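Structure, as structure tokens:
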Amino acid sequence: MLLRFWKMHGLGNDFMVVDLVTQRARLPAQKISEWANRHTGIGFDQLLLVEPPTHPDMDFRYRIFNADGSEVENCGNGARCFARFVVDNQLTAKRDIRVETAGGPMLLSLTDDARVRVDMGPPRLAPAEIPFHAEMQSLSYEVETEQGTVSLSAISMGNPHAVVMVDSVDTAPVTTLGPLLERHHRFPRRVNVGFLEVLSTRHARLRVFERGVGETRACGTGACAAAVAGIQQGVLESPVNIDLPGGQLTLEWAGEGHSVIMTGPAERVFEGRIPL
Ligand SMILES: N[C@@H](CCC[C@H](N)C(=O)O)C(=O)O
């Protein structure tokens with residue numbers, strides 16, 4: 001069979017998006033990592049599946065697979081592409097779309113300026129919910145690594161994130177410390193690692209070493225986690241603009257118990273069919 005898909009991206013974090021509402025397919029992990037390959041496949045950071053909901057109050061189920069084939073709980077840039085995909089493919093006539101993910105429900109809304117606003121739900125800060133091994137919840141934790149002791153915040157946006165404050169993202173050890181922390185024993189389900197440089201209370205820069213992928217051009221959930229970490233530590237204020245290598249996201253957060261709101265673009269690159 002030929003499987004129809006769209007190639008999309010949100011700030012250069014790129015996706016293969018497959019409609020499993022009108023098509024039926026089973027996609028083994030090995031197939032996903034073959035297609036993710038940038039030399040011999042389609043090339044993408046994540047595969048996004050659009051499925052019918054399993055709960056009556058939801059519009060769709062949204063599933064996410066990293067380039068290594070592992071299924072994960074959430075993807076923020078993908079959520080914006082998901083909204084654009086279901087609207088442009090006329091899978092819904094709604095402008096406010098409720099989706100279920102393994103990381104919890106999300107509300108996706110198309111804005112008048114062609115961007116997508118996502119209610120990502122509240123961040124989870126209790127160590128057991130991240131999951132992260134720590135005796136008690138704290139704004140920052142000291143973690144021992146082969147590169148010395150690293151001070152980081154640990155936050156779940158449905159998926160796990162570590163945020164490390166740096167003086168400059170240009171010189172931050174993204175590709176050396178990133179993989180060490182990704183597989184650190186204190187993060188039993190591995191972790192996405194963000195390096196945050198604060199420029200002012202409303203403006204920051206971020207690079208993210210993503211679990212199951214490596215450094216990407218942008219990470220939506222990583223930007224949410226970085227905004228939460230910065231606001232909690234009193235160095236950022238909501239709303240905050242975060243510059244990633246692929247472009248800018250706007251994040252809003254009113255504090256513990258409130259949802260993080262992320263706004264940014266979602267683009268279609270091309271559509272295709274691939275043998276399954
Ligand atoms: N690119 C994403 C996050 C994708 C999942 C992540 N790599 C994980 O393993 O949790 C985003 O935009 O949030």
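Each Cβ is built from the backbone N, Cα and C atoms, and glycine gets one as well.
Unlike curated records, TrEMBL annotations are generated automatically.
According to TrEMBL, the feature active site, proton donor maps to C75. What TrEMBL records for C75 is active site. The annotation active site, proton acceptor is assigned in TrEMBL to C219. Summarising the annotation, TrEMBL assigns site 'Important for dimerization' to F270.
When the alpha carbons of F270 (site 'Important for dimerization') and C75 (active site, proton donor) are compared, the span between them is 20 angstrom.
Cβ crowding, taken as the number of other Cβ atoms within 10 Å, peaks at C219 among the active-site residues C75, C219.
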